[in-house]
Amino acid sequence: MTTSSDTSAPAALNFRSIDFRGRRLSLAELRGAVPRARHQTMADAEQKVQDIIAAVRSRGFSALAELARTFDGVEQSHPRVSAEALTQALAGLDPNVRAALEESISRARQFAERQRPSNVDVSLGDGAVVSQNWIPVGRVGLYVPGGLAPLASSVIMNVVPAVAAGVESIALASPPQKDFGGLPHPTILAAAKLLGIEEVYAIGGAQAIVSFAYGIPGSGDELSIEPVDVVTGPGNIFVATAKRLVKGVVGIDSEAGTTEIAILADSTAQAPLVAADLISQAEHDPKAASVLVTDSTELADAVVRELARQAAATKHSARVLEALSGPQSGVVLVDDLEQGIAVCNAYAAEHLEIMTADAPAVAARIHNAGAIFVGDYSPVSLGDYCAGSNHVLPTSGTAAFSSGLNVTTFLRAVQVINYDRGALEKVSSHIVSLSGAEDLPGHGDAVRIRFE
Ligand SMILES: NC(=O)c1ccc[n+]([C@@H]2O[C@H](COP(=O)([O-])OP(=O)(O)OC[C@H]3O[C@@H](n4cnc5c(N)ncnc54)[C@H](O)[C@@H]3O)[C@@H](O)[C@H]2O)c1
Ligand SMILES: N[C@H](CO)Cc1c[nH]c[nH+]1
Ligand SMILES: [Zn+2]
């Protein structure tokens, strides 16, 4: 884990420009406005993750120990974190960080508790009732990243909605840290303890997702890991790929992979704020995407100047410059806000900030984004920590069809059918007709027999 300033020499900023002005663009061209390395990089990661799945499924804890040695540089006998380690982590927590975690928890809880959908009972005639009941899954596995940075706030984002949904069994995993005796980062352990989570594992990356999805049998003194119903949480490309590969064995939230920010801004936006927000998310990962969409060349030029100035001075300068200079980042110049909105909807960013005149009106026209941040005083950093919203969000364009983590991620809608004799008799001839039309007469007979 990188905790001090990056030491490698920062590369020069190369924030490229994509000029869409004066062009009529197809949806495919709009979608490809900013290339995502999705297919190539995913294919590479997929092979590695397949190997990890095979190793963990066949050799269980011994494979986990090998992977911890290879990827995390730690020797591990068993990944379960003791109750004592959790208690000690909370006792040693900085009081300011504790106060911040508590504020974040309180806001996340208030929002999550209001998200639970209501059950419905509908009468479709005398004695004919159908209902839809929202029922929590039984057991979940939550992932908290800890490679480049220890994301203690992700403990909150995972745990709070799971608890609000009523999940009874919650397990959490985060990478073992060389500097902390092979345990997950102490702030992550403290956040887990603060939220009452007792089952915590020092497992990182794809192997954590696989351990939760399939479970790991224990033998002798070894504690087993029971399989879960749903795995959630953010992570790097290996975590996101593992979630995609185990989907179907378990439910997942979304492909909450490498961070992305897009900002739709016009000439009224303030370049220093735009640059700071682009850098705030570039800081997560050298592969993070930071994209500015604007109809103002003056703003674009000012933002590039600000990026160079701020990126050179920030702690993780090398990582930030690499992310800003990658093909996944840059400025898209558009004719007007109309085209800008089309680009943003096609791109479907994880985070989309709107910094325009009348930002709420522009935000109302966005239908593809993991989360939308409206105006100068709603930066992504607010949502990352303390807005009350969830920061575990879909990436790689998957925001077009999937949602950020929320209470319904942990619920299933179960429909209940309760008809009495008279109500069934009323529709029995229709059932018989439809079963005949489908050449499934046994279905009709199952109704007819009740009235013979
Ligand atoms: N979309 C979201 O909601 C969201 C939220 C927060 C963070 N993120 C993203 O989460 C990611 C966190 O990544 P991270 O790396 O810092 O931590 P991480 O915990 O996701 O990954 C660290 C683990 O990756 C594994 N790993 C590292 N190199 C590997 C290799 N070559 N092959 C196989 N496995 C390997 C190791 O097991 C290690 O423990 C960032 O990309 C960040 O942008 C996304
Ligand atoms: N921006 C991240 C979501 O992509 C969440 C996060 C956690 N800590 C800081 N930021
Ligand atoms: Zn962040």
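Quick reminder: no glycine exception, Cβ is built from N, Cα and C everywhere.
Since this is a predicted model, take the numbers as computed values, not measurements.
For reference, TrEMBL has these:
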| type | residues | note |
| --- | --- | --- |
| ACT_SITE | GLU350 | active site, proton acceptor |
| ACT_SITE | HIS351 | active site, proton acceptor |
| BINDING | TYR143, GLN207, ASN236 | NAD(+) binding site |
| BINDING | THR259, GLN281, HIS284, HIS351, ASP384, GLU438, HIS443 | substrate binding site |
| BINDING | GLN281, HIS284, ASP384, HIS443 | Zn(2+) binding site |
Between THR259 (substrate binding site) and GLU350 (active site, proton acceptor): CA-CA distance (Å): 7
Neighbourhood of ligand 1 - binding-site residues from ASN236, THR259, GLN281, HIS284, GLU438, HIS443 with Cβ under 6 Å: ASN236, THR259, HIS284
Cα distance (Å, whole number) from ASN236 (NAD(+) binding site) to GLN281 (substrate binding site): 14
Other CB atoms, at most 10 A from the CB of HIS443 (substrate binding site): 15
Candidates near ligand 3 among the recorded positions ASN236, GLU350, HIS351, judged by a Cβ under 6 angstroms: none
Contacting recorded positions, sequence order - THR259, HIS351, GLU438 vs ligand 2, Cβ under 6 Å: THR259
Among GLU350, ASP384, GLU438, which are recorded positions, the residue with the most C-beta atoms within 10 angstroms of its C-beta: GLU350
CB within-chain contacts under 8 A for THR259 (substrate binding site), separation at least 6: GLN281, HIS284, ASP285, ALA288, ALA289, GLU350, HIS351, THR395
Rounded to the nearest Å - Cα separation of ASP384 (substrate binding site) and TYR143 (NAD(+) binding site): 16
Among HIS284, HIS351, the most crowded of the recorded positions [Cβ within 10 Å]: HIS351
For GLN207 (NAD(+) binding site): DSSP state (helix, strand, coil): helix
Cα distance (Å, whole number) from TYR143 (NAD(+) binding site) to HIS443 (substrate binding site): 45
Longest CA-CA distance among THR259, GLN281, HIS284, HIS351, ASP384, GLU438, HIS443, per record bound to substrate, angstrom: 57
